[in-house]
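Take a look at the structure set out below.
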There are 6 protein chains.
Amino acid sequence: MRPSRRAPDELRAVSLERGVVKYAEGSCLVKFGDTHVLVTATLEERLPPWLKGQGRGWVTAEYGMLPRATLERTRREAAAGKQNGRTVEIQRLIGRSLRAIVDLQALGERQITVDCDVLQADGGTRTASITGAWVALADCLGWMKTRNMIKGTVLRDNVAAISCGIYNGIPVLDLDYAEDSEAETDANFVMTGDGRIIEVQGTAEKTPFSQDEFLALMALAQKGVTRLVDLQKMAVA
Amino acid sequence: MRPSRRAPDELRAVSLERGVVKYAEGSCLVKFGDTHVLVTATLEERLPPWLKGQGRGWVTAEYGMLPRATLERTRREAAAGKQNGRTVEIQRLIGRSLRAIVDLQALGERQITVDCDVLQADGGTRTASITGAWVALADCLGWMKTRNMIKGTVLRDNVAAISCGIYNGIPVLDLDYAEDSEAETDANFVMTGDGRIIEVQGTAEKTPFSQDEFLALMALAQKGVTRLVDLQKMAVA
Amino acid sequence: MRPSRRAPDELRAVSLERGVVKYAEGSCLVKFGDTHVLVTATLEERLPPWLKGQGRGWVTAEYGMLPRATLERTRREAAAGKQNGRTVEIQRLIGRSLRAIVDLQALGERQITVDCDVLQADGGTRTASITGAWVALADCLGWMKTRNMIKGTVLRDNVAAISCGIYNGIPVLDLDYAEDSEAETDANFVMTGDGRIIEVQGTAEKTPFSQDEFLALMALAQKGVTRLVDLQKMAVA
Amino acid sequence: MRPSRRAPDELRAVSLERGVVKYAEGSCLVKFGDTHVLVTATLEERLPPWLKGQGRGWVTAEYGMLPRATLERTRREAAAGKQNGRTVEIQRLIGRSLRAIVDLQALGERQITVDCDVLQADGGTRTASITGAWVALADCLGWMKTRNMIKGTVLRDNVAAISCGIYNGIPVLDLDYAEDSEAETDANFVMTGDGRIIEVQGTAEKTPFSQDEFLALMALAQKGVTRLVDLQKMAVA
Amino acid sequence: MRPSRRAPDELRAVSLERGVVKYAEGSCLVKFGDTHVLVTATLEERLPPWLKGQGRGWVTAEYGMLPRATLERTRREAAAGKQNGRTVEIQRLIGRSLRAIVDLQALGERQITVDCDVLQADGGTRTASITGAWVALADCLGWMKTRNMIKGTVLRDNVAAISCGIYNGIPVLDLDYAEDSEAETDANFVMTGDGRIIEVQGTAEKTPFSQDEFLALMALAQKGVTRLVDLQKMAVA
Amino acid sequence: MRPSRRAPDELRAVSLERGVVKYAEGSCLVKFGDTHVLVTATLEERLPPWLKGQGRGWVTAEYGMLPRATLERTRREAAAGKQNGRTVEIQRLIGRSLRAIVDLQALGERQITVDCDVLQADGGTRTASITGAWVALADCLGWMKTRNMIKGTVLRDNVAAISCGIYNGIPVLDLDYAEDSEAETDANFVMTGDGRIIEVQGTAEKTPFSQDEFLALMALAQKGVTRLVDLQKMAVA
């Protein structure tokens with residue numbers, strides 16, 4: 001029995017609320033149960049120096065967590081003077097995931113920065129961030145299209161992410177914090193709308209896992225991502 | 001005529017929503033029109049080293065702004081590796097304002113950290129922060145009282161803050177961004193429920209102002225704070 | 001009775017010594033009693049990037065304190081790797097105060113940096129800094145005028161600053177450290193030669209103060225600034 | 001055809017040279033072809049603060065690259081003042097991989113720090129680091145056993161890591177830099193001696209990959225790790 | 001002919017003014033011509049952690065330069081966020097020089113921090129700093145003796161420093177900036193009152209120098225230090 | 001008797017191995033006994049901003065130490081976020097030493113960066129670095145000559161460095177760590193192939209030393225450098 005009484009292949013209640021921030025070209029407040037992330041997409045007519053003059057754009061991401069998003073207060077990274085290792089790892093993952101489904105040539109020499117700020121954390125902040133980021137990005141590209149800044153299909157596919165893990169010996173989908181801190185194994189899958197893999201990250205938190213166990217997690221993830229992609233499509237419809 | 005068509009002595013629509021974050025001992029989502037600040041109050045059983053063993057507690061504040069809270073994206077302070085001067089100045093002001101109405105002896109050897117994170121900025125983020133912080137702080141102290149951690153009156157009074165300025169030659173209350181960026185003069189008043197002053201900060205943005213102009217601003221501020229304190233009382237009732 | 005036996009409206013001995021540093025375009029060693037600040041004004045033919053090409057100049061300030069300017073040694077900010085909040089707040093105040101009386105258009109596309117370094121601190125370092133900075137700035141502009149770099153009136157007025165506070169229940173002018181650390185209320189006024197206000201900062205150190213008390217402080221400050229402006233005029237005559 | 005003319009399932013020449021640094025409790029110079037990493041294991045009788053008094057030890061890792069380990073000189077992280085995102089991500093991976101096969105209870109309240117410094121980089125520095133780190137760690141634990149500091153089996157299994165990817169449409173093992181920069185897909189597998197998975201990281205560098213493609217990579221990785229574990233056993237025999 | 005028209009073995013006008021800062025246990029404003037350094041000695045009843053409990057004290061130094069001490073303004077190190085290489089090198093030299101003539105056992109478990117802040121720089125700031133630091137240190141030890149905090153001879157000898165160099169082919173003493181920037185060779189000697197060497201630093205700025213040239217510089221330096229030590233003795237008499 | 005049983009004027013076993021890193025334009029693994037330093041020389045077609053357009057090049061150096069190069073593990077500077085004072089001092093010394101024997105005009109508007117990374121430290125890391133750096137630099141210049149990038153004699157002479165000190169009252173050459181930590185006096189000499197001095201740094205670690213003692217050290221150093229220069233010539237022959 002999962003602490004949340006969910007079935008093993010059941011997602012938490014997911015919501016994707018668009019247009020939550022007045023100024024951003026795209027934004028989304030994504031909730032996976034008690035995990036709440038505010039995502040904005042910002043369009044800027046400039047590129048990182050190493051990318052200039054190559055005729056293509058860039059999508060990058062930054063990630064942060066409000067100090068009291070967590071059970072105990074976490075030190076503010078701006079006060080500590082640096083982003084910690086986990087933050088850097090997550091924001092690199094979000095950026096790679098989004099770039100995999102964007103046609104950077106078609107975007108043109110511009111940068112879209114996606115900011116994911118966790119207002120409340122109950123496990124799965126990185127998967128919620130990626131899932132919500134797609135919505136904010138889609139809105140930003142829609143904003144550009146309305147202004148004839150881009151043509152054709154810049155957004156090649158959906159992208160969504162979900163965690164799964166082995167909890168009390170059973171593969172389960174979309175871990176919350178209570179499960180995550182107890183799970184033997186934890187994996188995050190970033191997948192496209194057509195079921196292909198963009199990123200897989202599997203970690204044995206306690207004991208190494210077999211290849212068969214990994215395949216079971218992949219099957220669960222596939223199910224979860226299919227559902228999340230449906231929700232994304234409804235959100236932007 | 002003000003850009004928002006408000007009367008000179010009219011506040012923006014103010015809302016003070018409590019209990020918005022699951023884990024914090026106190027929290028408040030404060031809105032002054034399009035300025036939205038998420039405030040949390042965190043209780044910790046530890047003190048800054050220089051305060052230990054003196055039989056009294058401490059209230060401190062930190063302030064941040066999400067990158068796309070603003071019209072154009074602002075660089076994330078955690079990525080820049082330091083808090084800028086404006087941030088430091090504002091969080092010092094919030095901390096001082098709250099300490100002025102808390103009985104630190106009665107609080108005991110504990111620290112309450114108030115985090116004010118701006119989700120959307122349309123002028124007046126520091127005054128909204130202070131006004132909302134009082135609500136979050138009140139809830140945190142209520143939480144402590146329920147657990148018999150404190151006795152008597154720790155919270156000695158209300159505290160609220162409001163800006164005023166001279167816009168097109170006329171003293172107006174509660175500047176939004178459109179007014180703030182054009183105002184000749186800008187002043188912030190932090191006042192108690194009984195009308196006394198905790199902090200005054202007046203700055204001539206363009207041309208120096210006369211002492212009479214300053215008195216007109218102080219009268220306006222008094223009116224605004226009286227209204228804000230009423231709203232605080234309703235919120236925690 | 002004040003610790004220094006001064007009358008309530010009496011300034012400390014003030015001196016403004018010009019030309020104290022060989023290389024600077026303008027400089028002033030300002031003393032308010034035992035508070036000694038070395039101020040230099042440096043002219044540079046460059047601007048901050050965000051100001052380029054707008055046809056106007058900039059005046060900025062930096063503030064520092066020698067480690068043993070204080071009763072106990074303070075850690076050197078260069079060794080700590082950052083300027084603390086108080087330093088940043090003060091140097092922003094000095095910069096704003098000076099810009100309020102300079103015609104930035106007439107200055108042309110150049111930057112003047114005013115450095116205020118406290119050699120000895122006995123309260124009122126920010127007010128002494130601003131008062132001395134005007135002298136250094138005036139000399140720097142004089143240096144430019146001699147070389148035909150500027151025309152007309154770049155320096156539109158004097159600017160001087162003074163603190164006042166309520167000490168043992170009585171409003172007093174120009175607090176020294178002994179008074180400052182005991183005062184119930186502390187306010188700094190930055191005013192022009194013609195009596196208008198550029199900045200007001202009032203803080204209730206212990207208990208909030210009434211609006212009447214604040215008016216009494218403003219009257220005292222007016223008196224003090226008038227005297228300081230006279231001294232500035234004598235210094236540059 | 002691979003640039004190196006290796007068969008698709010062929011590792012580069014691997015060597016694991018022990019005892020290369022005079023002072024370290026364990027050390028290994030690991031070479032995967034032209035990728036050379038110097039690994040040391042340091043035993044310290046102290047723990048990170050958050051782990052004290054829990055009766056178990058800790059294994060952590062740090063990673064660095066000499067400036068001219070790469071084709072073009074890379075800026076020294078010590079001079080830049082921070083470790084970049086990639087470095088942090090890799091050293092976290094190495095630490096997790098080692099902790100998965102160490103009995104931290106049996107280690108006792110001590111910390112082993114594994115330093116992996118890349119002398120020359122030709123792709124696969126993280127997999128070479130993990131593979132060599134096991135040897136340095138084994139020697140460090142042997143050093144402790146000789147001194148009766150630990151009992152029983154602290155090192156529960158081998159751990160080794162290898163990359164694979166899809167290059168010109170074909171799954172290949174142990175990518176060198178020439179392949180890595182061209183591969184469509186890149187995955188790193190960290191596995192135990194008995195074939196279980198500790199970490200999987202798969203990234204679509206260009207286009208997302210199918211689940212079948214991922215299974216082909218996993219089979220290749222299994223083959224490579226089996227060979228690396230044999231080499232580790234020979235090295236410490 | 002030297003730019004200053006001094007004889008080759010002639011020092012600049014040297015002055016050592018004691019007691020220039022109100023709070024410090026010892027202080028000295030040292031002038032070598034237009035090079036002016038404010039030195040303070042601070043006594044603290046605490047030690048760096050690695051020195052605790054060994055029954056001896058410590059003398060350390062910090063060095064700084066006001067931004068406009070130089071011909072062109074130098075960026076403030078506190079604003080840059082770090083001390084540059086030259087600063088670190090100089091303050092290490094000053095600390096070593098002072099420790100060489102202090103009986104650290106006799107000092108007891110205390111630390112004296114000597115701060116050398118350059119108000120105006122015209123070459124030789126490190127040698128002026130060391131020479132003035134001895135005076136400030138002597139006064140600090142005198143202050144301690146008066147309070148019976150130390151007994152016997154803590155200050156075992158004088159220490160002074162001087163630069164010399166080869167300018168236009170001729171060995172000269174006490175280089176000012178005009179000479180220093182043109183000299184072929186530059187050497188700093190730190191010597192005791194009895195003529196022994198504490199530190200020698202010789203650098204070929206342009207072309208390497210012969211051992212004979214070095215001996216000529218050492219003879220000059222001996223002469224200069226003898227004179228400086230006389231001046232120190234007069235200053236503290 | 002020296003701990004290593006060497007004669008007073010005997011160097012440790014010295015080796016200079018060229019071409020140890022695949023990508024660098026020049027490289028050398030230098031060993032002075034158990035002190036091992038990996039040196040690379042990198043050619044870059046860019047200059048520090050302050051040197052642009054002056055028709056001459058630059059040679060600079062960086063220095064680092066692997067964490068477990070030492071008896072006890074040293075904290076990684078990249079993790080600490082800054083280079084410590086000793087590192088900065090050494091890399092400045094290496095850079096100055098090399099520039100003294102390079103014709104920067106003949107080098108052209110390019111920069112050569114020499115990286116010295118200590119793999120194992122047993123005293124004398126800075127002298128070994130300089131001695132090996134000359135070899136790496138010579139190879140880098142040879143690489144340029146082969147490509148007709150430079151003409152004539154860019155490398156004007158050899159440069160090598162050696163330490164000496166007074167150990168148990170006797171002047172000895174090339175101190176290892178056991179001697180260095182016990183020596184009364186420690187001096188480093190950087191000399192050219194023709195016996196002239198580029199840098200001298202002598203420090204009284206315990207008691208000041210006489211001028212005669214210093215001359216004895218200089219004679220020893222001359223002997224050592226002559227031998228090192230012979231070894232350099234053999235290495236590049």
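Backbone N, Cα and C atoms are what each Cβ position is placed from, and that goes for glycine too.
Remember, it's a predicted structure, so these values are computed and weren't measured experimentally.
If you look up TrEMBL, you'll see E:10-140, E:158-224 marked as domain 'Exoribonuclease phosphorolytic'. Residues annotated as phosphate binding site in TrEMBL: E:Arg86, E:Gly124, E:Thr125, E:Arg126.
Other C-beta atoms found within 10 angstroms of the C-beta of E:Arg126 (phosphate binding site) number 25, with every protein chain shown included. Residues E:Arg86, E:Gly124, E:Thr125, E:Arg126 are recorded as binding phosphate; their most distant pair of Cα atoms lies 13 Å apart. The record gives E:Arg86, E:Gly124, E:Thr125, E:Arg126 for phosphate. Within 8 Å of the mean position of their Cβ atoms, the other Cβ atoms in that chain belong to E:Ile90, E:Val118, E:Ala121, E:Gly123, E:Thr127, E:Ala128, E:Ser129. Of all Cβ atoms in the protein chains displayed, 26 besides its own lie within 10 Å of the Cβ of E:Thr125 (phosphate binding site). If you average pLDDT over the domain 'Exoribonuclease phosphorolytic' (E:158-224) in this model, you get 94. Note on the domain 'Exoribonuclease phosphorolytic' (E:158-224): DSSP counts are 18 helix, 30 strand, 19 coil. For the domain 'Exoribonuclease phosphorolytic' (E:10-140), the DSSP-based tally of helix, strand and coil residues reads 45 helix, 41 strand, 45 coil.
Non-local neighbourhood of E:Arg86 (phosphate binding site): empty, since no residue in the same chain at least six residues away has a C-beta under 8 Å from its C-beta. Taking the Cβ of E:Gly124 (phosphate binding site) as centre and 10 Å as the limit, one finds 26 other Cβ atoms among all the protein chains shown.
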